[in-house]
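Novice: Copying in the features that TrEMBL gives for the protein in this structure:
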{"type": "ACT_SITE", "residues": "Ser130", "note": "active site, charge relay system"}
{"type": "ACT_SITE", "residues": "His172", "note": "active site, charge relay system"}
{"type": "ACT_SITE", "residues": "Glu199", "note": "active site, charge relay system"}
Amino acid sequence: MDIGPLVIIGGKEDKTRTPEILLQFVKLIQKSHRRDVVGVVTTASQLEEQVFRTYQHAFEDIGMVRVEPVIIDSRAEANAPFWYQRVTELGALFFAGGDQLRITSLLGGTVFDMALHQAFREGLIIAGTSAGAAMMSTTMIVEGEQDDIPTKSSVRLATGMGLWPHTVVDQHFTQRGRLGRLLAALAQNPGVLGVGIDEDTAIFVDQDREWLEVWGSQTVSILDGRSIGESNVHSTPLGQPLSITHVTLHVLSKGYGFHLKTRQPMRVEEEDSGEY
């Protein structure tokens, strides 16, 4: 069985009556072999009930009949044995925003985490916005300076949930001036693919077919560190600007995709959009 797709959102997605990204997400669930049930994970926020209600109304307004809360506030709750059964019963999980370190520190290595990965390998659709986007990768940006100039101390990294290996994801990208910190993360981890996602913008990731597609109103910046020629990250003092040469940058909007194996951009025909 194919691994489930990912929908990774840069934050502040449209939640009106015609929310393109959320509509595409719901369509994925409805045409999958899984149940038409989405669980909203609010762990990243300390306003769990409020966050859940916001997404419950948004999903119900566009035809999602069953929207269930997944509220986990401690590692003890995340280690409850019933999560294996509960996650299996869902068609999709949606990770809301907040603080990505709350997600990884409360869920990482728990029964919920293991159930999540098992269901994902069996086709569970997983989406995340803002902090819920940042946690998707194996290398996760925890925080960093919002400055276009990359410095050695401009980003703090941790281990993410590992749903999308060999990548590092940043969100609210152009709106908060985060190119510098993504470049700094790439300088420290040149083998990964750096992905910066703007607000009200998402990528649909199909790891089996090794490609992604851009959804939404803004752009996605993809930085390929494999081509880096030189970097002074190992010798530069903390706080000082970095030199990084030959970084490959692609800026993609709706209608474009990216092949993960060849690391090449591509056009996506409308009839192929969201297919997996």
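Placed from the backbone N, Cα and C atoms, the Cβ positions cover glycine too.
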Novice: Please report the Cα separation of His172 (active site, charge relay system) and Glu199 (active site, charge relay system) in Å, rounded to an integer.
Specialist: 5
Novice: Can you tell me the CA-to-CA distance separating Glu199 (active site, charge relay system) and Ser130 (active site, charge relay system), as a whole number of Å?
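Specialist: If we compare the Cα positions of Glu199 (active site, charge relay system) and Ser130 (active site, charge relay system), the gap is 8 Å.
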